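What follows is a short report on a single structure.
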Amino acid sequence: MTDFKALAERILQGKPISRKEALTALTAPDAQTFTLVEAASLLRRHHFSNTVKVNYLINLKSGLCPEDCTYCSQRLGSEADVLKYSWVSHQEALTQAKFGIAGGASRVCMVASGKGPSNRDVERVSGMIKQLKDQHPQVEVCACLGILKDGQAQRLKEAGADAYNHNLNTSEDHYTDVCSTHTYQERISTIHQAQQAGLSACSGLIVGMGQTDEQLIDAIFALKDLDGDSIPVNFLMPFEGTPLAGTWELTPLKCLRILATVRLVAPDREIRMAGGREMHLRSLQSVALQIANSLFLGDYLTSEGQAALDDLDMIRDSGFEIVGAEGRDLLAEHQRLAKDRGDESNLASVDESSRCGLPVVSDNLQGCGGCSSMEARHPTENSHLPESGVEFRPVLRRRGTGTPSRPNA
Ligand code: SF4
């Protein structure tokens, strides 16, 4: 049986994990998984103490992408009924950002669908970034606009962007299985451009989309070699209407092993439990926080996340503090914000409807539609199901950016 604690102590002494050891961690038996989590937690605590970084996503432009990434609900030919809109206004982007910042976010991630931005798109986003940084200089801004062309990373940096996100998602030899309209090398090149412009690189994974364990190890080591500062780990959300609908390869324990392996390979990097954590980690999300030191608050680009207040509770209950919000009572701040807006009904409904204080309504035009980020249902024929025999599906986002409804923040 592998002594994961001894391995973590060796890593702390500056002796990196080998690929073989990483594969052993990734494929550890379920019964050894919590020992592995304890080992990864040593590294997490050493580098990040008891802090959690909260990030907030704004989808500036949704759907209608000409690319064919199989995992994406915004892809070419997607039949997923996601929100589709072109660029939101500066004002809407700033308003949405404020919700996330009030919820404790110290980083706002500005995302747009598409292969990559035109120079005009970069100017538009640069204007948003500049305004946001003028108003909230303490908040980091990460742009995620796809594959960059020469000079675009520098322009974003000049506007005040702190970081650029572009995920590798999977290994080089698996990449052609998930996308045919751009290449793995283009992704690597974009990250290098961002780094050369002085932007902090954020690049991560989508797991559970058919990679072998060996391919996942390749991808994790490729991310380490890229030397990015943050590594989001997304768990595939199998949207109906996309080629990966019905794909269910992960268990909560497997998700923990993946996060722990990333931590052992990249011990001092910000590791984010990102999209899909709710439906794949389920009741083990708080355990995952012992490994990951970062998460997204609120909703994802096209689907709902769990209620923001549930995340804030989870962070507090687990004994962690939110970076930049030390000593703040975020629940009280949420309530004060609602009162300032004269939104007494939201205050009154905290206990009787949704955890976030939004009224639950069926047409989703005013309220949030409830706080579930996933729908549990009986299996379909082609589903690969966890032992529980329950299939979870993402709930499509109908609130926040691009809608008249308040966001989940
Ligand atoms: S991941 Fe990005 S590039 Fe790929 S289909 Fe989705 S929005 Fe388009």
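Start at 1 and count along the chain as shown; that gives each residue its number.
Each Cβ is built from the backbone N, Cα and C atoms, and glycine gets one as well.
Checking the candidates CYS142, CYS179, CYS255 against TrEMBL: the one annotated together with CYS109, CYS202, ARG272 at the [2Fe-2S] cluster site is CYS142. Around CYS72 ([4Fe-4S] cluster binding site), the same-chain residues at least 6 positions away in sequence with a Cβ under 8 Å from its Cβ are CYS65, SER78, THR242. Checking the binding-site residues CYS69, CYS109, CYS142 against ligand 1 with a 6 Å cutoff on the Cβ atom leaves CYS69, in sequence order. CYS142 ([2Fe-2S] cluster binding site) sits 22 Å from CYS69 ([4Fe-4S] cluster binding site), taking the Cα positions as reference. If you average pLDDT over the domain 'Radical SAM core' (50-277) in this model, you get 97. Apart from CYS109, CYS142, CYS202, ARG272, the residues listed for [2Fe-2S] cluster, the same chain places the Cβ atoms of ASN55, ARG107, CYS144, ALA163, ASN165, SER230, PRO232 within 8 Å of the centroid of those Cβ atoms.
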